[in-house]
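Undergrad: Reproduced below are the annotations present in TrEMBL:
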- C327: active site (ACT_SITE)
- H394: active site (ACT_SITE)
- D417: active site (ACT_SITE)
- 319-420: domain 'Transglutaminase-like' (DOMAIN)
Amino acid sequence: MALFDRIDNFLEGLVDRFRRDNEDIRREARETEVAYELANAGDTVDVGETLKAVSVDFQPKFNAANHHCEKFELVEVNKPSLVIRRGGSFSLIATFNKEPDLKKKHLCKLFFSFGPKPNPTKGTQAVLQVSGKKMFDKSYEQWDVRVVSQEGAKVTLEVQVPTDALVGLWRSAVQVKHRDTETGHLLRLDTDIYILFNAWNKHDTVYMEEEDKRQEYVLNDIGKVWVGTYPSAYGRHWVFGQFDDVVLPACILMMERSGLIDEARGDPIRVSRALSKIVNSNDDNGVVIGKWNGEYDAGTSPSAWTGSIKILEEYIHKGRSVRYGQCWVFAGVLNTVCRALGLPSRVVTNLNSAHDTNVSFTIDEYFNKEGDELTYTYGGTNPSGLDDSIWNFHVWNDVWMSRPDLPPGYGGWQAVDATPQEKSEGIFQCGPASHEALRLGQTSYNYDVAFVLAEVNADIVRWKEDESAVDGFKKLYSNKTQSRNARHAFRFPSEAIEDVEFSLEDVERVPLGDDFSVTLKAVNVSEAVRTVTVVLTASSMYYTGAKAQDIARAEGKFALKVKESKTLSLPVTYKQYYHKLVEHAMIKLVAHCTVDETSYAWVDDDRFEVLKPAIKVEVLSGGVVGMAMLTRFSFTNPLPISLTNSSLVIDGPSITKPKTIPIRRVLLYRAHEVLLCSCSDVRPKEEMVYELKLYPKKPADCTLVATFSSTELLNLSGSTNVSIAPAGN
């Protein structure tokens, strides 16, 4: 069954899913809605010559174009939806069974209802009397209707939507009757009406003044998410795909499951906060299940996703949370949903991001007497409750809105984080935290300013076991500037004398398959001989900073003469590290040094990502709507081993829906003799090449994105820009 066929009657499907949880409430809600409409409509009768509304044409394409909504696929399907932005107006054509006289004989009412219990006093229902007037006479904060024209039995109306209208799915009905009777005819309409936030309207709380920013933060359906380690982070494309026909229905399901009351769904503060909790699955059957331990056999590896569409499609079709995601997946999905609902939003990456579990504004790292870092027990199901740590990168979102709940000047960009790290008000949610509040350190302002501030502005403090210390640990020193402004008032006293200088050489780029070294330099700047104990380690790590496996270790003691310098190196070969790499292929190097004569203790670390090949994406023929476009995807296996269980995922708005393609070697036979047989999908050092014909759907300048995963090699990606010409060119 086609996607839209499955979601065509989405509200009914939504009710069915909710009925499993609370069938009685949903039945009562529907009865309440019917009772209210009948009370307003009078007794419904079916008399031969009684005036009836036969149909209503909401002119989806025409109205969408006037609301910057023409890219939504729901306005172009066989049974189109009306997608508009609040604070504007839309037209409709009502057809009756005979010519109505709206000025003298007949009364016509339009009903617009939101949620299971529509009520005009709560803003969840609008009842509009069609009086025959030609001009709007109500303020922009109110619903209104005017007659544009009438041609016999067809009446063209224009409806004004208030700037604070609730955002989401609305239902409608039209009722007509004779002015002298209590009886009438009520026609319930089955067209889905989606009303969105409006960044183009200056009275909307999400208004953005600059058109180029609206184009980027509301309408751009693809972008880059920056991942990796500082200073070698890189951007990988993510298909937001907010205009796909699955996204708006998914948004409605998410809002229903979030528990946000209907009356609050026009408030970007409460909507964005609710979305931050429903994108993760920890509390309320949200969209994505987080997992950080590298074991993804029960689902999809986070690095294999190319964008949000396939995730939301699975969420709609299966009605349950999707496996698996990590911070950039949560941020990508949240960005899709925000832009679909009209909230200006962007994806933000914070390199060397602090995870402060106790809001102390310090990240405390501990080492034992031997120089090994003391780590937490890491289950991998979600990062909440971990000890303080520095994530190599962390991704969240900024959402644009005014903040009437805060003093003037605190509107604009607000940090919102859907990754389940720490609970806020007892739930895994975070934000919106005002950028201005973060800049000024106003940690008492809503919401979660203290936690976000610690992510970008916390000190790193390192400690080593020492039985003579008051608390059992003494402070370690480092060359790198770890203190930040938020901790300028705190000092940690020590009696250690710093007369030996240490430096750990940074490793910037190591292609997969190459060797590398951990290199330490020590210089004695004192006037006496110094005895130094050194521990050098290399370990693989998750991007959250959690240690995965030890790779190599060396330790020793040596004497440094006056003014003498020495360089020590720990070589690490490809064979030592390859099988211990985890997703993102990140490695942490640590040097731990102590000086016997002065008790001076020093530690430093370096983090880097082993570089993997990029997928080369090529378009071999011109792109024209509806015509075959030949594409090629290729890369060279850098490993001396074969790749198995391989798959290629491709995605591109206006070109194709997300496709997962298994990569398998072809077996050739001749007279029952196997000419080519291999259990591998891609052989050692072999080039993987896959060609595919795609059939573009719309004229556009767009991006084609690909990812590749196998048991032995994960997290390969690539992309290329594509121009699609209209058919007939």
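Every residue, even glycine, has its Cβ placed from backbone N, Cα and C.
Predicted automatically and left uncurated, TrEMBL annotations should be read as such.
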Undergrad: Mean pLDDT across the domain 'Transglutaminase-like' (319-420), rounded to an integer, is what?
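TA: PLDDT averaged over the stretch: 81.
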Undergrad: In whole Å, note down how far the CA of C327 (active site) lies from the CA of D417 (active site).
TA: 9
Undergrad: Sequence gap of 6 or more, C-beta under 8 Å: which same-chain residues meet both conditions with respect to C327 (active site)?
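TA: Listed in sequence order, they are W391, F393, H394, V395, W396, T419.
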Undergrad: Determine the Cβ neighbour count for H394 (active site): the number of other Cβ atoms within 10 Å of its Cβ.
TA: 28
Undergrad: Applying a 10 Å Cβ distance cut-off over all chains shown, what neighbour count does D417 (active site) have?
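TA: Within a 10 Å radius of the Cβ of D417 (active site) lie 30 other Cβ atoms.
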